[in-house]
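Q: Take a look at the following structure, please.
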């Protein structure tokens, strides 16, 4: 559990375009020790936040199909953060949103009228944004967030040999940390974005996870932390959730957990399986996209596998049908939530020729959750085996 939103700290960077555990570090966890206090103050002084946490915006054109995706992205962010959206073309601090197919998919970083520029208007282009998640990505830039792969600590997780200007890491003095590095973040590019072999994860199980456009739990958490979102009364949220600043009567829940306190299952597309000791059982689950009132453009089916107390749950994939193999697994895929922090994205698979396929995943989470996600309406299937053992494991 840690703290990271890549937010601006220097004017010469702020005007550039960008394309597409909930405890925090203490000051001694970051290089410089006591100097971190100074760095954080400097960041807050030079930062480029939307005042009052409100994005004032208007549309430059009228591509209705793209506007619907923009509206869905707005609804998703507003539902998970304290950020407000106000359609007002005359506000002194405003965002001009282009939806024409002639526009790109990019945004200036940070709010207008602050350190990102003296003008009261900046722009965001959405015409080429393929899905809702891509537009959430661009709004995140406007809210002040850099790409995940440019974090100053990225070299602990990525081997980047690209000399591309946009691939360079941001220095410590220009960021402040609000969460863990996440390969599956919506702000991460796929591994071949700068060329084959130019940006590889040290943990190669994450290669196809990079470039996802599913919004993660930590993606929204980091925005909440940067903007100081919170509630005067904290709920007793379960399973790593926290009181939602958009509605203080409920919790923001990690994926797979539902209800006011994150201690419930969803009533539909939810499967409970009980593992047996030492003996593999086989299960096939069908999954496909279904519309929801608030969505990042994907729909997930969840499988909950339980074993005896203090046991190790083991899972291995046996088959994937109608699952599209692509960088970032951006159409559909399978995530077995086996990593130590169950709120962070575990490695995602969508290809039969990758190392994850047929690997035996070992997890101490009881239950261990399998998330089967899709933005395709045609059904896909995943076949897997599961059991529990009593051996000890090291997370990973």
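Even glycines carry a Cβ here, placed using N, Cα and C.
What Swiss-Prot lists as signal peptide is 1-20, and the listing cites sequence analysis. According to Swiss-Prot, the domain 'Peptidase M12A' annotation covers 44-230, on the basis of sequence analysis. The N-linked glycosylation site annotation in Swiss-Prot covers 63, 79, 310. The disulfide bond annotation in Swiss-Prot covers 82-229, 105-129, 231-251, 253-262. Taken from Swiss-Prot, the feature Zn(2+) binding site applies to 137, 141, 147. Per Swiss-Prot, active site is recorded for 138. Residues or ranges marked as domain 'EGF-like' in Swiss-Prot: 224-263.
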Q: Does DSSP put residue 251 (disulfide bond) in a helix, in a strand, or in coil?
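A: In the DSSP reduction, residue 251 (disulfide bond) maps to strand.
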Q: For residue 82 (disulfide bond), what residues in its own chain, 6 or more apart in sequence, show a Cβ-Cβ distance under 8 Å?
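A: When sequence neighbours closer than 6 are ignored, residue 82 (disulfide bond) has 53, 224, 227, 229, 230, 245, 246 within Cβ distance under 8 Å.
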Q: When neighbour density is defined as the number of other C-beta atoms within 10 angstroms of a residue's C-beta, which of the glycosylation sites 63, 79, 310 has the lowest density?
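A: The glycosylation sites 63, 79, 310 were compared, and 310 has the fewest Cβ atoms within 10 Å.
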Q: Of all the recorded positions given, namely 63, 137, 138, 141, 147, which is spatially nearest to residue 251 (disulfide bond) at the Cα level?
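A: Of the recorded positions 63, 137, 138, 141, 147, 137 has its Cα closest to that of residue 251 (disulfide bond).
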Q: Which ones, of the recorded positions 138, 141, 147, have a Cα no more than 10 Å from the Cα of residue 105 (disulfide bond)?
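A: Checking Cα-Cα distances against residue 105 (disulfide bond), the recorded positions within 10 Å turn out to be 138.
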Q: Would you mind reading off the Cα separation of residue 310 (N-linked glycosylation site) from residue 137 (Zn(2+) binding site), to the nearest angstrom?
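A: Here the two Cα atoms are 39 Å apart.
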Q: Any same-chain residues 6+ apart from residue 253 (disulfide bond) with CB under 8 Å of its CB? Would you list them in sequence order, or say none?
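A: Set apart from residue 253 (disulfide bond) by at least 6 residues yet with Cβ under 8 Å, we have 217, 237, 239, 241, 259, 262.
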Q: Give the helix, strand or coil assignment DSSP yields for residue 141 (Zn(2+) binding site).
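A: In three-state terms, residue 141 (Zn(2+) binding site) counts as helix.
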Q: Considering the binding-site residues 137, 141, 147, which residue's Cβ sits among the greatest number of other Cβ atoms within 10 Å?
A: 137
Q: Please identify, from the disulfide-bonded residues 129, 229, 231, the residue with the sparsest Cβ neighbourhood, meaning fewest other Cβ atoms within 10 angstroms.
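A: Minimum Cβ neighbour count within 10 Å, taken over the disulfide-bonded residues 129, 229, 231, occurs at 231.
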